[in-house]
Amino acid sequence: GLGQISDKEKSGFISLVSRYLSGNEEQIEWGKIHTPTDEVVVPYDTLAAPPEDLAATKALLDKLAVLKLNGGLGTTMGCTGPKSVIEVRNGFTFLDLIVVQIEVGSLNKKYGSNVPLLLMNSFNTHDDTLKIVEKYANSNIQIHTFNQSQYPRVVADEFLPWPSKGKTDKDGWYPPGHGDIFPSLMNSGKLDLLLSQGKEYVFIANSDNLGAIVDMKILNHLIHKQNEYCMEVTPKTLADVKGGTLISYEGRVQLLEIAQVPDAHVNEFKSIEKFKIFNTNNLWVSLKAIKRLVEADALKMEIIPNPKEVEGVKVLQLETAAGAAIRFFDHAIGMNVPRSRFLPVKATSDLQLVQSDLYTLVDGFVTRNAARTNPSNPSIELGPEFKKVGCFLGRFKSIPSIVELDSLKVSGDVWFGSGIVLKGKVTITAKPGVKLEIPDGKVIENKKLLAPFSL
């Protein structure tokens with residue numbers, strides 16, 4: 001039943017299952033955890049300025065490749081294809097913005113460099129992505145695609161691969177998390193290709209993080225300091241308390257996830273006083289180091305068991321995370337970057353933020369409006385009527401102004417006219433069976449609206 005995957009994938013899957021069953025995952029001893037120093041987590045504002053000389057900048061960029069994680073579908077936002085082709089702003093998709101940033105915004109066109117773009121797909125997104133990237137055939141950017149591994153889901157009560165029990169269609173398989181990026185980059189041949197082109201570092205980020213752009217200060221620092229791995233972290237807010245954080249542990253920098261924390265210390269882990277930073281999943285990694293560690297089979301990241309129920313069958317997906325690999329690399333560091341480098345779009349509430357007047361779009365870069373004095377973005381909570389992108393877009397004639405908004409909560413059958421301004425704390429609720437249409441040009445400031453009522 002496993003005939004449709006390669007021998008290397010079979011070997012990787014068997015190794016993952018064996019490690020999981022043996023239960024030999026290293027346990028974190030809470031008393032040995034230390035918060036990292038500035039040498040381990042480098043403050044971004046202490047970095048030296050990159051060279052201003054065009055030739056020197058080109059020399060740095062010629063050592064770089066950009067890799068976007070493109071294995072996710074847009075199903076949580078009501079879309080069927082790759083999430084990266086959801087329109088973000090001004091008709092541009094995530095993928096459009098990524099290509100424009102590299103080609104026009106600050107890299108290849110400006111410096112005459114040749115920064116390639118790699119897309120790591122899953123078997124769910126690969127075919128669609130191949131068709132989509134054809135539109136960039138005449139652009140000044142090399143685009144490479146490759147698939148991450150395809151592993152069989154495991155039937156939970158028998159611990160047997162589901163395809164071996166006759167489930168051979170797509171639902172019998174899963175992509176094993178972004179920790180699989182390192183062997184997949186190697187097995188695809190793309191790693192050796194990049195090395196042959198003189199590339200030294202790869203910048204890895206989620207395709208839906210609009211803040212994850214190439215930063216010359218970080219690249220310059222890594223090349224001069226010869227750090228093999230750099231994880232971008234950023235200050236925690238109360239919305240990020242479950243995010244993984246960096247720690248110093250037994251002389252090495254390590255990612256600590258909430259699943260590894262003993263129950264007695266979960267509140268301590270969530271504290272933004274002790275653990276002040278969290279992982280953005282923007283990673284800079286040495287290509288030579290990836291090759292060395294994959295060839296030595298040394299990347300034994302913590303296993304994340306992900307239980308699911310598919311067609312009434314309880315199955316288990318064993319996954320790993322790319323951030324957990326940090327402890328295997330030499331001279332690994334964190335980089336405490338501005339919050340602007342973490343702008344993920346996971347839901348339509350995030351889409352409302354980036355489509356509003358809170359941001360502008362120039363050369364593929366989504367930039368925050370300087371008129372917003374509050375350093376934090378507004379918190380937006382939209383009801384299930386807004387969950388799917390199509391429904392979300394249909395309920396707004398235009399996206400309201402939110403530069404002065406603190407929080408917005410919308411529930412029920414609510415429709416927005418054009419030119420609406422929201423300020424302060426706003427709650428809008430339509431009772432069941434009531435349709436609420438907010439008229440064009442309405443200014444709503446610090447109000448709780450409960451329909452039916454007259455506006």
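The backbone N, Cα and C atoms fix where each Cβ goes, and this holds for glycine too.
For Lys83, Gln148, Gly177, Asp208, Lys346, the entry in TrEMBL reads UTP binding site. Per TrEMBL, substrate binding site is recorded for His178.
Considering only the binding-site residues Lys83, Gln148, Asp208, the residue whose Cα is spatially closest to the Cα of His178 (substrate binding site) is Gln148.
Listed in sequence order, Gly71, Met120, Asn121, Ser122, Pro175, Pro176, His178, Asp180, Ile181, Ser184 are the same-chain residues six or more apart from Gln148 (UTP binding site) with CB atoms under 8 A from its CB.
Spanning the listed UTP site, residues Lys83, Gln148, Gly177, Asp208, Lys346 have a farthest Cα to Cα distance of 21 Å. All chains included, 22 other C-beta atoms sit within 10 angstroms of the C-beta of His178 (substrate binding site). Same-chain residues at least 6 positions away in sequence with a Cβ under 8 Å from that of Lys83 (UTP binding site) are, in sequence order, Gly72, Leu73, Gly74, Met77, Phe94, Ser207, Asp208.
For Lys346 (UTP binding site), the same-chain residues lying six or more positions away in sequence with a CB closer than 8 A to its CB are Thr76, Asp208. Counting only same-chain residues six or more apart in sequence, the Cβ atoms lying under 8 angstroms from the Cβ of Gly177 (UTP binding site) belong to Ile304, Glu319, Thr320, Ala321.
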